[in-house]
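Structure first, then comments.
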Amino acid sequence: MTPEQKKLFNIIVLGLGFMFMFTAFQTCGNIEVTSGCDFTFCALFSASNLVAPSVVAVIGPQFSMFFSGLLYSAYIAMFIHPYTWSFYTASVLVGVGAAVLWTAQGNVLAINSDNHTIGRNSGIFWALLQFSLFFGNLYIYCAWHGHEHITDKDRQTVFISLTVISLVGCFLFFLIRKPDPDMSSSEVTESLIHACKVSVTKEMLLLSFSIGYTGLELTFYSGVYGTCIGAMTRFGEDAKSLIGISGICIGIGEILGGGIFGLLNKNNRFGRNPVVLLGLVTHFVAFYLVFLNIASDAPLAPEAGTNREAFITPSVGVALLCSFLLGFGDSCYNTQLLSIVGFLFRDKSAPAFAVFKFIQSIMAALAFFYSNFLLLHWQLLILIISGILGTLTFFLAEWKAQSLRETDYSSI
């Protein structure tokens, strides 16, 4: 196996490992009643990113992902026999594990890529990861469709299966071949210093607006929008089951975006900006249709739902189209951000991706907080303003990246 083939193999294994883990974790997230735990997770995730580069430096990215994956598996297994104390303890641990996991992921992505393959590899990883949305939601829809009441046996069967699936993803990380020697322990302090230095560079400051926007829209499509669909009584008795179908549509959009921009697009003349602009337009179309189709009080509706209408007769087809557009637009942003961060900070990939996830999770936590108080149209307005600002600053960062390189890179 040539060095280039070994690196591509590592990226595929990385994507498959994350696909198995997040098929289980995101499915678990769709089932559970969070009661504010999403905010706790994001807050701890953000804080833990400050020390994650040091952890990766000490034990290496492979073991970092494995042990973090075990925390994810323990979180899922906790739901087999859930208790309040174990729920919040597991939420704390998985918040810490998530920071280490994603920092290590960024490190593996960067060290297995160069200026010409970072775009392709980002797309491959993203497409494989987003299959988790498709498989997880499809499994729940098929397993529980038509069940008015979920028994303890049904629930335990599902969570045992999800725990096994997550563990498979953990052990897949051991198939990753090491392209570089391990970091010495003397570099632990340096990695923390590098994270602080990276966070104040001109490029990262520009990208922080784009990264922040992905955090806001992550909360919207993964939490708020599904809640809105389930609360719309005008969608009929199956409104709750539409949440799973919406997740499948989001996953299809994510997979399609990752495949197109990571695998099929070989034209590198225009760089990353057109893809990000496409993501902005796609999201704006989705936001407009959501505004027309979903009642403004849907995010705050009680368990019984809302009978209100927006500006058109509520349509399931339009709602699911919006799910697809939200996923597709998200893939436009995230594949390009993975690519440009890996390109600009290849020599400091672990600190750079730690800063990336720190900013993203801080904004996701903020969105979880205000989503409990703001009506839908105000949440959409925040997304529109932050989307415009994030896109413009990304353009500036991309022009800066283009001026730094002397040869063309493979854009996604």
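Quick reminder: no glycine exception, Cβ is built from N, Cα and C everywhere.
Annotated features, as they stand in TrEMBL:
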type	residues	note
TRANSMEM	7-25	transmembrane segment
TRANSMEM	55-78	transmembrane segment
TRANSMEM	85-104	transmembrane segment
TRANSMEM	124-144	transmembrane segment
TRANSMEM	156-176	transmembrane segment
TRANSMEM	242-263	transmembrane segment
TRANSMEM	275-295	transmembrane segment
TRANSMEM	310-329	transmembrane segment
TRANSMEM	350-370	transmembrane segment
TRANSMEM	376-397	transmembrane segment
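Highlighted: of the candidate stretches 7-25, 85-104, 124-144, 242-263, 310-329, 310-329 has the greatest count of Cβ pairs under 8 Å to the transmembrane segment (275-295). Between the transmembrane segment (124-144) and the stretches 55-78, 85-104, 242-263, 350-370, 376-397, Cβ pairs under 8 Å are most numerous for 242-263.
Same-chain residues lying 6 or more positions outside the transmembrane segment (376-397) and placing a CB less than 8 Å from one of its CB atoms are 203, 206-214, 216-217, 220, 224, 228, 272-273, 276-277, 279-280, 283-284, 287, 290-291, 294-299, 333, 336-337, 340, 344, 367, 370.
Taking Cβ pairs closer than 8 Å, the transmembrane segment (156-176) reaches residues 10, 13-14, 16-25, 27-28, 31, 62, 65-66, 69-70, 72-73, 76-77, 79-81, 108, 140, 143-144 in its own chain, all 6 or more past its ends. Residues 130, 133, 217, 220-221, 225, 229, 232, 234-236, 242, 245-247, 249-254, 256-257, 278-280, 282-283, 285-286, 289-296 of the same chain lie 6 or more positions beyond the ends of the transmembrane segment (310-329) yet place their CB under 8 Å from a CB of it. Here the transmembrane segment (7-25) has Cβ contacts under 8 Å with residues 1, 65, 69, 72-73, 75-76, 105, 108-109, 112-113, 117, 121, 124-129, 131-132, 135-136, 139, 162-163, 165-166, 168-170, 172-173, 175-177, 179 of the same chain, all six or more residues outside its ends.
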